[in-house]
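Scroll down for the structure; my scribbles are underneath it.
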Amino acid sequence: MGNLFMLWAALGICCAAFSASAWSVNNFLITGPKAYLTYTTSVALGAQSGIEECKFQFAWERWNCPENALQLSTHNRLRSATRETSFIHAISSAGVMYIITKNCSMGDFENCGCDGSNNGKTGGHGWIWGGCSDNVEFGERISKLFVDSLEKGKDARALMNLHNNRAGRLAVRATMKRTCKCHGISGSCSIQTCWLQLAEFREMGDYLKAKYDQALKIEMDKRQLRAGNSAEGHWVPAEAFLPSAEAELIFLEESPDYCTCNSSLGIYGTEGRECLQNSHNTSRWERRSCGRLCTECGLQVEERKTEVISSCNCKFQWCCTVKCDQCRHVVSKYYCARSPGSAQSLGKGSA
């Protein structure tokens, strides 16, 4: 039962707010082939890896992949079709494929191993395929069986979710690296043997975050949709999601600005959020987080000084311990706060 709970926790809770029954893991476990229970722990770890990467990628965004929002009720009216939804589906699907592929190459499953289908073939000038390529075909197949099988709808939102699931899996392939080993007399490297390996998961997260920033909004023909709502409609034409955009993230609805709290929609606003200011070793995007999270949402940046205790003046003593002093120093942290004695100014476009 522990593995089943992990899977439900990683996929069911994390994604319930975004696609209702589409992410009902219990439905899959009841109706899915029993053989797939072999992979439930890896699927759970993959989905959790996706959510953790989501939190990293959006740490300094107004929407920061919040736990509470992901545990929101699955009532249909709360199902969104925003670009944030698209990222959740893509990174979760990619995470499952990634971990399954890793475990396969490590020999954790009896029915799969390295992909040697191209071994011995010429790959390019001076190199041939060989070694142990990561078996992405297997990882993709299991990810698709688990994740896509949870999407029961036939409407525009369901097609959007399935598209973004696939875009996530394509991201795993797109970020793979070719690794080579030299062969030849005295290390001359006259020929190389090469194989494909998964990139670091962070690199794939960066890749999908760039896709999120450039996500495509799909304008549906409302005459072919029921109730005039693009996310709730049916009779969605197959050509609505163009094959030429198969690797892109797509969405149907514009996002709110996420400045203002709206708990019924799982939006918790930016009041109280930490931001970075004058920090070293940070990107320009991170350094601008105080403006994005606070100022642009009608909040002020509040400095709070905190005393931190850390080890210092450490010395090695024979044998064999390290002795350290406990040093105290004050650090400044910055948070979004309302101006004293005034009401919060609402960000435009709030939910």
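Using the three backbone atoms N, Cα and C, a Cβ is placed for every residue, glycine included.
Swiss-Prot lists 1-24 with the feature signal peptide, giving sequence analysis as the kind of evidence.
Around C54 (disulfide bond), the same-chain residues at least 6 positions away in sequence with a Cβ under 8 Å from its Cβ are C65, F87, I88, I91, G205. Swiss-Prot lists C54-C65 (among others) with the feature disulfide bond, giving similarity to another entry as the kind of evidence.
Counting only residues at least six positions away in the same chain, the Cβ atoms of S42, F109 sit under 8 Å from the Cβ of N103 (N-linked glycosylation site). Taken from Swiss-Prot, the feature N-linked glycosylation site applies to N103 (among others).
Taken from Swiss-Prot, the feature disulfide bond applies to C104-C112 (among others), supported by similarity to another entry. Classification of C112 (disulfide bond) by DSSP places it in coil, neither helical nor stranded.
Per Swiss-Prot, disulfide bond is recorded for C114-C132 (among others), and the stated evidence type is similarity to another entry.
Swiss-Prot lists C180-C194 (among others) with the feature disulfide bond. The local packing around C194 (disulfide bond), expressed as other Cβ atoms within 10 Å of its Cβ over all shown chains, amounts to 19.
The disulfide bond feature in Swiss-Prot is assigned to C182-C189 (among others). Following the DSSP three-state reduction, the secondary structure of C182 (disulfide bond) is strand.
What Swiss-Prot lists as O-palmitoleoyl serine is S186. In this chain, none of the residues that are 6 or more apart from S186 (O-palmitoleoyl serine) has a CB less than 8 Å from its CB.
Residues annotated as disulfide bond in Swiss-Prot, with similarity to another entry given as evidence: C259-C297 (among others). Counting every protein chain shown, the number of other Cβ atoms lying within 10 Å of the Cβ of C259 (disulfide bond) is 26.
In the three-state DSSP scheme, N262 (N-linked glycosylation site) is classed as strand. Feature annotation from Swiss-Prot assigns N-linked glycosylation site to N262 (among others).
The disulfide bond annotation in Swiss-Prot covers C275-C290 (among others). In this view, C290 (disulfide bond) is surrounded by 23 other Cβ atoms within 10 Å of its Cβ, with every protein chain counted.
Its own atom aside, the Cβ of N281 (N-linked glycosylation site) has 5 Cβ atoms within 10 angstroms in the protein chains shown. What Swiss-Prot records for N281 (among others) is N-linked glycosylation site, and it gives sequence analysis as the kind of evidence.
DSSP classifies C294 (disulfide bond) as coil under the three-state reduction. Counting every protein chain shown, the number of other Cβ atoms lying within 10 Å of the Cβ of C294 (disulfide bond) is 23. The feature disulfide bond is assigned by Swiss-Prot to C294-C336 (among others).
Residues or ranges marked as disulfide bond in Swiss-Prot (evidence: similarity to another entry): C312-C327 (among others). The Cβ of C327 (disulfide bond) lies under 8 Å from the Cβ of I309, S310, S311, C312, N313, each on the same chain and at least six residues away in sequence.
Sequence annotations record features per position, and here Swiss-Prot assigns disulfide bond to C314-C324 (among others) based on similarity to another entry. Cβ neighbour count for C324 (disulfide bond): 11 (other Cβ atoms within 10 Å of its Cβ, all protein chains included).
Annotated disulfide bond per Swiss-Prot: C319-C320 (among others), in sequence order. Counting every protein chain shown, the Cβ of C320 (disulfide bond) has 6 other Cβ atoms within 10 Å.
Note on C297 (disulfide bond): other Cβ atoms within 10 Å of its Cβ, all shown chains, come to 24. Taking a C-beta cut-off of under 8 Å and a sequence gap of six or more, C114 (disulfide bond) has these contacts in its own chain: S105, G131, C132, S133, D134, N135. C275 (disulfide bond) sits 14 Å from N281 (N-linked glycosylation site), taking the CA atoms of both as reference points. The disulfide-bonded residues close to C294 (disulfide bond), defined as a CA atom within 10 A of its CA, are C259 out of C180, C189, C259, C314, C320. A Cα-Cα distance of 48 Å separates C324 (disulfide bond) from N262 (N-linked glycosylation site).
Its own atom aside, the Cβ of N262 (N-linked glycosylation site) has 13 Cβ atoms within 10 angstroms in the protein chains shown.
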